[in-house]
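Visitor: Below is one structure. I have some questions about it.
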Amino acid sequence: MDVKKVVLAYSGGLDTSIILKWLIESYGCEVVAFSADLGQAEELDGLEAKALATGAVKARIVDLREEFVRDFVFPAFRANAIYEGQYLLGTSIARPLIAKAQIRIAEEEDADAVSHGATGKGNDQVRFELTYIALNPAIKIIAPWREWDLKSRSDLVEFARRHGIPIPVTKEKPYSSDRNMLHISYEGGILEDPWLEPDPAMFTLSVAPEEAPDAPEFVEIDFERGNPVAVNGERLSPAQLLTRLNALGGRHGIGRVDLVESRFVGMKSRGVYETPGGTIMRTAHHAVESVTMDRELMFLRDSLVPQYSRLIYNGFWYSPEMRLLQNTMDLAQENVYGTAKLKLYKGNCVVIGRRSDRSLYQPSFATFEEDDVYRQDDATGFIRLHGLRLQIESLVRGKSR
């Protein structure tokens, strides 16, 4: 494959630093190192200088934090997306944005190829490449882990030494991690034993629930059309709001999940996740929905959530079926305005109140006291009609005995 210039999704770790040098050596091409700022904090320090020192002709770090939360996290949370009942899709939802920005930079830099550092066994290779194909079918794709003959950690270290690529002198973590504004994930290494409890020192965004404050903290979150817009009455931008909720949740040990998930490529893998702000946001969203969404609308929407979540997990963010589902999910949120009040305490996020000017909860109908709006004897015919098919089935079954 003839390649003149490649835009590499560059994290600054040993793997993508080696890939940068390998691309130059294997393809004789120029490499532009692209890094997406999704809230990795200090992980971005020194990234540009490191990329240039490794051989990149240019290094670009793009702040995508607001776009990430506004256009990717919020749509997923409007839909109550969750994979296999536990995973809030923190890594999955970030990949299409990184790949989208990578394609944009490739077009700006007149590059004819893109490259990523995802392995041939994981989900990320699919997520990156499906986005590349959807947004620029003509772009060439280089996936080094599926091409090169570097098969082990020792092979990578030897390649780095041979090419003068700095190898971290700090003790290697016995697991891998991936961080953005929504979550941090941990997998591999010692976590591959699903019976082994994670090291408490591993966690970054949250304190252990048993070490959280002994007094609860209360928070109110306002929603408009299913989007959180304010915390305790203060309106915030999407990224600011998620940052605030991360701090609150982390302080109280909220949002830790240890699970085994089904990868798109076929195998199961263990993942440990911290999603403090997202957990609060999801709980509050459910609370406001409970008083503002029609029952049948909610049932229908809920039936679509598993498929919607699988599309995100499997990398089909830019597919026609995702556009259809997103439009449907957003239509279901037209009436979701209101405020949820939560109590945060030692790993627990508990709804203690909800209110809305558009509330479908009407005390005059729901009261257990005497009322003038609901005729209890109407229930007799209601029950008879709904029981008719059961009555017929029982009669037929009795005849067949």
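In case you wondered, yes, glycine gets a Cβ from its N, Cα and C as well.
The ATP binding site annotation in Swiss-Prot covers Ala9, Tyr10, Ser11, Gly12, Gly13, Leu14, Asp15, Thr16, Ser17, Ala36, Gly117. The L-citrulline binding site annotation in Swiss-Prot covers Tyr87, Ser92, Asn123, Arg127, Ser176, Ser185, Glu261, Tyr273. Taken from Swiss-Prot, the feature L-aspartate binding site covers Thr119, Asn123, Asp124, and the record attributes it to sequence analysis.
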Visitor: Using Cβ atoms only, which residues of the same chain lie under 8 Å from Thr119 (L-aspartate binding site) while being at least 6 residues apart in sequence?
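Guide: When sequence neighbours closer than 6 are ignored, Thr119 (L-aspartate binding site) has Gln125, Trp145 within Cβ distance under 8 Å.
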Visitor: Highest Cβ count within 10 Å among the binding-site residues Gly13, Gly117: which residue is it?
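Guide: It comes out as Gly117.
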Visitor: Far apart in sequence but close in space: which same-chain residues, 6 or more away, have a Cβ under 8 Å from Ser185 (L-citrulline binding site)?
Guide: Gly90, Thr91, Ser177, Asp178, Arg179, Gly271, Val272, Tyr273
Visitor: A 10 Å Cβ contact count, applied to the binding-site residues Tyr87, Tyr273: which residue has the minimum?
Guide: Tyr87
Visitor: May I ask you to report the DSSP-based helix, strand or coil state of Ser176 (L-citrulline binding site)?
Guide: strand
Visitor: Apart from Thr119, Asn123, Asp124, which residues in this chain have a Cβ no more than 8 Å from the mean position of the Cβ atoms of those residues at the L-aspartate site?
Guide: Ala118, Lys121, Gly122, Gln125, Val126, Arg127, Val265
Visitor: Reported as an integer number of Å, what is the Cα distance between Arg127 (L-citrulline binding site) and Asp15 (ATP binding site)?
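Guide: Cα-Cα, rounded: 19 Å.
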Visitor: Starting from Gly117 (ATP binding site), work out which of the binding-site residues listed here (Tyr87, Asp124, Ser176) have their Cα within 10 Å, and give them in sequence order.
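Guide: Neighbours among binding-site residues, in sequence order: Asp124.
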Visitor: For Ser176 (L-citrulline binding site), what is the tally of other C-beta atoms lying within 10 angstroms of its C-beta?
Guide: 13
Visitor: Could you list the residues of the same chain, at least six apart in sequence, whose Cβ is under 8 A from the Cβ of Ala9 (ATP binding site)?
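Guide: The list for Ala9 (ATP binding site) reads Thr16, Phe34, Ser35, Ala36, Ile98, Ala99, Gln102, Val114, Ser115, His116, Gly117, Phe128, given in order along the sequence.
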Visitor: Which chain-mates of Ser92 (L-citrulline binding site) that are at least 6 residues away have a CB under 8 A from its CB, listed by sequence?
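Guide: Expected: Tyr83, Asn123, Arg127, Ile312, Tyr313, Gly315.
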